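Enquirer: Sharing a structure, written as structure tokens. Questions coming.
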Amino acid sequence: PAAMGAGFGAGLGLALASSAFIGGSFVLKKKGLLRLCGRARAGQGGHAYLREWLWWAGLLCMGVGEAANFAAYAFAPATLVTPLGALSVLVSAVLSSIFLNEQLNVHGKIGCILSILGSTVMVIHAPQEEEVSSLESMAEKLKDPGFIVFAVCVLVSSLLLIFVAGPRYGQSNVLVYVLVCSAIGSLSVSCVKGLGIALKELFSGKPVLKEPLGWVLLVCLVICISIQINYLNKALDIFSTSVVTPIYYVLFTTAVMTCSAILFKEWQHMVLDNIIGSISGFLTIVSGIFLLHAFRDMPLTPSLLPLFLQPRRAEPHLPWSSADRHQSCQHQPLLPSEDKGSQSAEEEEEE
């Protein structure tokens with residue numbers, strides 16, 4: 001039991017460290033992009049950010065965070081490690097408000113919380129992936145017609161987003177470039193899974209280097225990561241970090257879970273409560289994205305609050321009858337001018 005407790009603590013610490021590094025990496029990358037000072041920015045297709053040390057520091061932090069997240073799975077269960085990845089959204093939002101002066105209103109904060117809660121619910125109720133222990137079994141999975149159709153749909157939709165939607169809506173809609181990163185990211189995670197299996201076989205003494213599948217997966221992983229970095233930098237350069245980070249996390253997590261479900265046939269053994277939990281989590285994520293994206297520029301002023309929550313005006317000695325009459329006047333419908341005149345005449349006659 002002591003060894004199990006130590007392993008659980010190590011996994012928890014690695015997961016928390018991973019969230020901190022990944023959340024800070026977004027802020028460092030954004031800070032490096034802001035220091036370009038008129039040079040070709042990533043939003044216009046430039047790559048001057050490669051000369052900024054802050055951007056490289058952000059990339060290094062992301063690499064350390066991903067490595068810590070991978071190592072955490074060796075000590076703690078996936079139901080603990082994966083939901084803790086949502087903490088990177090909170091870390092990024094807090095650091096952005098401190099170092100980038102990006103204000104996050106109440107709607108955005110509620111949207112972040114809802115997105116994190118929905119993602120956590122989906123991960124908790126998600127089924128475990130089917131065990132794949134060799135490159136031969138991985139090759140059989142990759143030949144499945146369902147995964148081939150999914151991969152083709154991802155590639156076609158990504159090309160449409162890059163060459164059709166990007167030039168038209170990339171500068172005004174945050175979902176364009178983030179969808180490209182998320183869709184391509186689902187394929188990169190599958191490549192990482194296959195390369196992990198190849199490394200395990202290599203350390204066990206099998207001749208993995210002679211297998212062409214390992215090299216194909218490595219080339220595909222390099223291409224996918226290059227595309228993700230390029231379009232994530234464009235999204236971070238154009239839009240606020242507090243908006244890009246949670247949306248990217250939610251869409252990337254959803255795409256990875258969908259790809260894993262198709263590739264490893266995870267959804268075939270789901271029970272009813274897991275299905276209900278996944279649907280509820282997805283609807284919660286949609287609600288959070290709507291609040292975060294639709295109301296990100298709307299300040300919450302006292303005039304938007306209900307009347308009973310608004311601060312009272314300076315009328316300390318207002319009689320009860322006058323206060324009641326004043327409150328009732330606020331809720332009276334607007335009358336035409338003729339009706340107002342007749343009503344005032346009737347009041348004078350009654351007096």
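The chain as shown is numbered from 1 upward.
Cβ from N, Cα, C; glycine included.
Grabbed the feature section from TrEMBL, which reads as follows:
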- 6-28: transmembrane segment (TRANSMEM)
- 53-75: transmembrane segment (TRANSMEM)
- 81-100: transmembrane segment (TRANSMEM)
- 107-126: transmembrane segment (TRANSMEM)
- 146-167: transmembrane segment (TRANSMEM)
- 174-198: transmembrane segment (TRANSMEM)
- 213-231: transmembrane segment (TRANSMEM)
- 243-263: transmembrane segment (TRANSMEM)
- 275-295: transmembrane segment (TRANSMEM)
- 319-351: region 'Disordered' (REGION)
Enquirer: Please work out which recorded stretch in 6-28, 81-100, 146-167, 174-198, 213-231 has the most C-beta pairs separated by under 8 angstroms from the transmembrane segment (53-75)?
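Expert: Stretch with maximum Cβ contacts: 6-28.
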Enquirer: For the transmembrane segment (174-198), which recorded stretch in the set 107-126, 243-263, 275-295 gives the largest number of Cβ pairs separated by under 8 Å?
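Expert: Against the transmembrane segment (174-198), the leading stretch is 243-263.
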Enquirer: Between the transmembrane segment (6-28) and the transmembrane segment (107-126), do 3 or more CB pairs sit under 8 angstroms, pairs being 6 or more residues apart?
Expert: no
